[in-house]
Amino acid sequence: MLPFAGALLLASPVELRASSKAAAPAVAPGSGPAGAGKALAAFLADCRELAASRVCISTMLALAAYNGSLGCYAFFGPKAARAIFDLPSETADLLFGGITVLTGVLGTLCGGLALDSMGASVRNALLLCTGGVGCGCVLVMAGFGAAKTMPWFGPVFAGGELAMFLMAAPVNAVLMWSVPRPELRPFALSAAEFVQHALGDIPSPPALGWLQSKLNNWRLSMCICTCLLVVSTVLFALALCQSGREARFREVLEVEGGGLVDGEEGEEAEQRHAAGRTAGGAGEAADGSPEAADLEQPLLNAA
């Protein structure tokens, strides 16, 4: 990983689509406390702007609860399966590891394809997140709470994790599309990464271990842990209600040349495109020939 980290640190900054053309003022190496103060002020301003997006904050908290349950399954899942179903240690480890890897890959791919087929919007992405995590919660709860044998538990748990991983691609789309400025999209993703670990899979395994030491019942402990998915589903549903009918900060327009731009830039491009069509029509009326209009209008694909 070190070569990748070094390459990213040395790479030139990318210009995001629809981002401001004005470059951010760089902090000089020798600027001292004043430069550090400016950087801190800019960071706090970004935090305040990010906190103003209710959809983004609700999604981050939903991710924290979701990751809390996944952390418990990864850490204590094999141990719980050994105790509940009387499995050898190697079998339980292989089973949970294999199910997580396969369902993670398939669920992520299926979630992205499903969002494309439904239409890429914040509302549809949150619908997938809410439905996937909710279905996964029901299946995993049924597996730990009701399955008597491993042949019954394995498919039910695999189906639950597959449904849970459907949100892997859509949730990143929500985080990027729900912030007010394109420049905040990388910050939103990094903030979500911090929140979901700090509030999710870091404290949840020790908490589950303490709970199991008090209850001494793996079925009950894992079912209580799965209640974190209920919290995640409720928070995703809250974000869905807050999102409105359309994505507020993702107004994509198709302009001349087939390109896609966002927001105000898209409005300006559409106005220029309309002005070109008007000028083209005037040229055709003045010259009486379509060739003059073709010089002004963009080329169109033949039907």
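The backbone N, Cα and C atoms fix where each Cβ goes, and this holds for glycine too.
For reference, TrEMBL has these:
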- 1-18: signal peptide (SIGNAL)
- 94-114: transmembrane segment (TRANSMEM)
- 126-146: transmembrane segment (TRANSMEM)
- 220-240: transmembrane segment (TRANSMEM)
- 260-303: region 'Disordered' (REGION)
Six or more residues beyond either end and a Cβ under 8 Å away: which residues meet both conditions relative to the transmembrane segment (126-146)?
55, 59, 62, 66, 73, 80, 84, 107, 111, 114-115, 118, 152-153, 156-157, 159-167, 170-171, 174, 219, 222-223, 226, 229-230, 232-233, 236-237, 239-240, 243
Contact set of the transmembrane segment (220-240) with the rest of its chain, CB cutoff 8 A exclusive, min separation 6+ beyond the ends, reads 54-55, 58-59, 61-63, 65-66, 68-69, 72-73, 76-77, 80, 123, 126-127, 129-130, 133-134, 136-137, 140-141, 144-145, 164, 167, 174, 204, 208, 211-212
